[in-house]
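Trainee: Before anything else, here's the structure in question.
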Protein chains: 2
Amino acid sequence: MKQLTIQSSQRNYPIVMEAGLRFRLKKWLNKDYSSILVITDDQIADKYLQDVVDSLDQKNIYTSIVPSGEASKNIEQYYKLQSKAIESGLDRKSLIIALGGGVIGDLGGFVAATFMRGIDFVQMPTTILAHDSSVGGKVAINHESGKNLIGCFYPPAAVLYDTETLTSLPYREVRSGYAEILKEGLISDISLAEELLPLSLKQISSVQLENHLEAGIKVKAMIVEEDEKESGVRKYLNLGHTLGHALEATLGYGKVTHGEAVANGMLFALHVSEKVKEQQLPFNELYNWMKINEYPIIDIKEKSISELIKSMKSDKKSISGHIQMVLLNKVGEPAVENLDDSSVEAYIKTFIERMNKL
Amino acid sequence: MKQLTIQSSQRNYPIVMEAGLRFRLKKWLNKDYSSILVITDDQIADKYLQDVVDSLDQKNIYTSIVPSGEASKNIEQYYKLQSKAIESGLDRKSLIIALGGGVIGDLGGFVAATFMRGIDFVQMPTTILAHDSSVGGKVAINHESGKNLIGCFYPPAAVLYDTETLTSLPYREVRSGYAEILKEGLISDISLAEELLPLSLKQISSVQLENHLEAGIKVKAMIVEEDEKESGVRKYLNLGHTLGHALEATLGYGKVTHGEAVANGMLFALHVSEKVKEQQLPFNELYNWMKINEYPIIDIKEKSISELIKSMKSDKKSISGHIQMVLLNKVGEPAVENLDDSSVEAYIKTFIERMNKL
């Protein structure tokens, strides 16, 4: 078992990682709740919902199952869950448990944050990717115009990570999650980045996975403790996300996984960093890592550039119409840069050329 | 001009009351905002929107006008306003101004609280009633099943009260607002309560009004500073609201004003207080005040009791299915009481009998 504590302005909360944790949930709830609503998706429900309900061992447990996938992070599902909470008689002393990946954590968390002005919620991530989104208190739903545009900062009461639920992840999900772990290495943990870059994800042991998760969460925790509301260093966590989000939005959510889009976004961020900072960065190493591990290398077309730029400008980080990107001075040393449209356009063009030569 | 400062966990913010303040807004914004969205309703827009826009004196000002009335505090309007904010290019350095009564303040505030995880907003109340809702950081929308069930705690950057906008209020709105001022007197300011109870609201001068507003806001401010998240004394502000909200919900929103419903709810609360606390309370004085000032005395029917109780139980304050009411030990000394259904039913019956004898 591994345990960390995150300090937030509203409360401190534990992150617990343990194989089989879903059978011992009661132990980690430090309050008596009048009722509990477990929110999960239709893929996770079959595998783990009953275990969770059983281990809570109390009356007034309700469950709500939403379709799996990013499309569920919308206003309709949000309102349905609010209705479910009301119909089930949840009150201010109730708990919501978000059992699933980042979609469920973000959606369930935003419901909890705004149900009767906020009730407790517990994150139970079931993907590697969600190690990132479950820590730090960001909860949100999507708007047609962009991801996570509607949401708030609302720390969970606990993050309870049953690492056993990761063993059955499809390889594509492993890949998606590792992009965020690599990101954490690139911005703040050189040895983690150096360990990951030559690694084939298909050959990772469960011990390695737990260690990588812990290292990634430590980076995330350190950053969100320093800057909970993303006015400063928290922005560094967006390395690869400016183009990444735009790729997800323009390709259509679900075509590539979040991590696959972020990996491509990081490659672009390293390209821009080399240009802006005039430094040698592990561009080729990242490219090779993506190849070894079968990340799709997204073939950006010249004609899609204007659409990508429009999408990048609608990003929450964008201020006064500039595009904000996280760049690296070197590995472990990120910096935020505001770029105008024409510079970004030029960088995308040279990026396309560079990729065509590889 | 009158000015107070409210301390909240997230920030301190000023409340400014001044005639003609809408012509001097720029002075009270302590930041440069990249853009501003003014949200108001179709009744207020004609009167004051242009003044507000002119006095902001900057580029990138957008306006959004929603239909006046409680019905606008719903999920559809909420989402429309989010879309408007996105389309207008608002970013994290933008401001939302809620110009109007409590509906606009609650709705606009909840949009601001959740747009890109929270941007600044300013309350510009245009009703007496909104002196209460604009202070304390509660923002919300309604669910079909009950008022304010979806929302959060999110303090404004400022409350800017142009008292000139109150001079054109219909008498019914004056009455609605004074119910909340009287409530503040009853729970915490004996001299305010004693001054108000014999008063005919039709004969109030603007100086008296400003003084009453200030006294009411001071009570509210003191309470929310002590208990921002409503875990203790803030509940006292719900005097009259348990039955009041149920009356509004069961009669249909808009049939009675919020203040009219609260006045009836306070009468009931005094009735119950006399029974539970075995104390003489100003029940008759409140009844006479309501009669003088033409508050509708709601004729509760025996057959509607079960529906009222169901509605009272769906109140956010209700825990584990009990009905929570604020009672008075005496004027200025409130207490929270959890009551079971059968007790509440019995109290409603004796209340109906008592009212029939008046």
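Including glycine, each Cβ sits where the backbone N, Cα and C put it.
Below are the features I grabbed from TrEMBL:
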BINDING   A:68-73, A:102-106, A:126-127, A:Lys138, A:Lys147  NAD(+) binding site
BINDING   A:Glu180, A:His241, A:His258  Zn(2+) binding site
DOMAIN    A:65-175  domain '3-dehydroquinate synthase N-terminal'
DOMAIN    A:177-318  domain '3-dehydroquinate synthase C-terminal'
Trainee: Under 8 Å Cβ-Cβ from A:His258 (Zn(2+) binding site), six or more apart in the same chain: what's there?
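Mentor: For A:His258 (Zn(2+) binding site), the qualifying residues are A:Gly102, A:Leu129, A:Ser176, A:Ala179, A:Gly244, A:Glu248.
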Trainee: Please name the residue among the binding-site residues A:Ser68, A:Ser72, A:Ile104 whose C-beta has the most neighbouring C-beta atoms within 10 angstroms.
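Mentor: Of the binding-site residues A:Ser68, A:Ser72, A:Ile104, the highest Cβ count within 10 Å belongs to A:Ile104.
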Trainee: Per DSSP, what is the residue count of the domain '3-dehydroquinate synthase N-terminal' (A:65-175) in each of helix, strand and coil?
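Mentor: Computed counts for the domain '3-dehydroquinate synthase N-terminal' (A:65-175) are 42 helix, 34 strand, 35 coil.
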Trainee: Could you count the residues of the domain '3-dehydroquinate synthase C-terminal' (A:177-318) that DSSP puts in helix, in strand and in coil?
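Mentor: Counting residues by DSSP class gives 102 helix, 0 strand, 40 coil.
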Trainee: Provide, as an integer number of angstrom, the distance between the C-alpha atoms of A:Glu180 (Zn(2+) binding site) and A:Thr127 (NAD(+) binding site).
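Mentor: About 12 Å separates the two Cα atoms.
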Trainee: Ranked by the number of other Cβ atoms within 10 Å of their own Cβ, which of the binding-site residues A:Thr127, A:His241 ranks first?
Mentor: A:Thr127
Trainee: For A:Asp106 (NAD(+) binding site), list the number of other Cβ atoms lying within 10 Å of its Cβ atom.
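Mentor: Its Cβ has 27 other Cβ atoms within 10 Å.
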Trainee: Please report the distance from the Cα of A:Asp106 (NAD(+) binding site) to the Cα of A:His241 (Zn(2+) binding site), rounded to the nearest angstrom.
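Mentor: That comes out at 17 Å between the alpha carbons.
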Trainee: To the nearest Å, how far is the Cα of A:His241 (Zn(2+) binding site) from the Cα of A:Glu70 (NAD(+) binding site)?
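Mentor: Between the alpha carbons of A:His241 (Zn(2+) binding site) and A:Glu70 (NAD(+) binding site) there are 16 Å.
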Trainee: Tell me, what is the mean pLDDT of the domain '3-dehydroquinate synthase N-terminal' (A:65-175)?
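Mentor: Here the mean pLDDT over the domain '3-dehydroquinate synthase N-terminal' (A:65-175) amounts to 95.
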Trainee: Output the one of A:Glu70, A:Glu180 that, of all these binding-site residues, has the highest number of other Cβ atoms within 10 Å of its Cβ.
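Mentor: In terms of Cβ crowding, the pick is A:Glu180.
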Trainee: Does anything in the same chain, at least 6 positions from A:Lys147 (NAD(+) binding site), have a Cβ under 8 Å from its Cβ, and if so what?
Mentor: A:Ala140, A:His245, A:Glu248, A:Ala249
